[in-house]
Amino acid sequence: MASIAVCPGSFDPVTYGHLDIIRRGAKVFDKVYVVVLNNSSKKPLFSAEERVQLLEEVTKDLHNVVVDSYQGLLVDYAKSKHASAILRGLRAVSDFEYEMQITSMNRILNEQIETFFMMTNNQYSFLSSSIVKEVAKYNGNISELVPKVVEEALRKKFAHAENHL
């Protein structure tokens with residue numbers, strides 16, 4: 001039986017930290033579904049469709065990675081894809097506390113799906129989409145934080161927003 005994992009996130013936008021986890025996960029699992037979820041507590045800069053397009057572009061060399069979007073419970077999505085695992089990246093201890101809550105709830109909802117945590121490489125331990133957006137908003141250098149296509153999309157978003165003030 002093939003090992004299938006779901007790697008969820010808001011990916012608003014996708015960063016090198018996200019890609020680190022996706023690439024490493026693709027080496028461990030036979031198939032990885034990278035699924036864009038909408039976090040109801042966040043207002044996204046990019047639409048779900050835009051985030052899917054960016055993820056497809058930056059993962060196109062990973063032949064066992066499929067990008068998708070979903071609204072609903074992650075465990076329901078995982079079950080629909082016959083996934084037995086949820087893959088999550090951890091940056092710091094503070095991430096772990098939040099992730100434990102989510103993992104515990106997912107286990108209550110579906111005990112057949114295991115959550116696997118992967119530590120982000122040290123060079124990305126500080127990195128978050130929020131930080132990237134803040135730096136990009138003020139024209140800071142983000143070339144070492146996100147792929148070129150994401151950097152261009154951010155510059156375009158913020159230039160468009162500035163022109164409509």
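Think of each number as a place in line: the chain as shown, counted from 1.
Each residue, glycine too, has its Cβ placed from N, Cα and C.
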Exercise for review: Select one of Ser3, Ser10, Ser104, Ser125: the residue that Swiss-Prot places in the substrate site alongside Lys42, Leu74, Arg88.
Suggested key: Ser10
Check your understanding: Among the binding-site residues Ser10, His18, Glu99, Ser125, Leu127, Ser129, whose Cα is within 10 A of the Cα of Lys42 (substrate binding site)?
Key -> Ser10
Exercise for review: State which of the following binding-site residues has the fewest other Cβ atoms within 10 Å around its Cβ: Leu74, Leu90, Leu127.
Suggested key: Leu90
Review point. Quick one, of the binding-site residues Ser10, Ser125, Ser129, which Cβ has the fewest other Cβ within 10 Å?
Key: Ser125
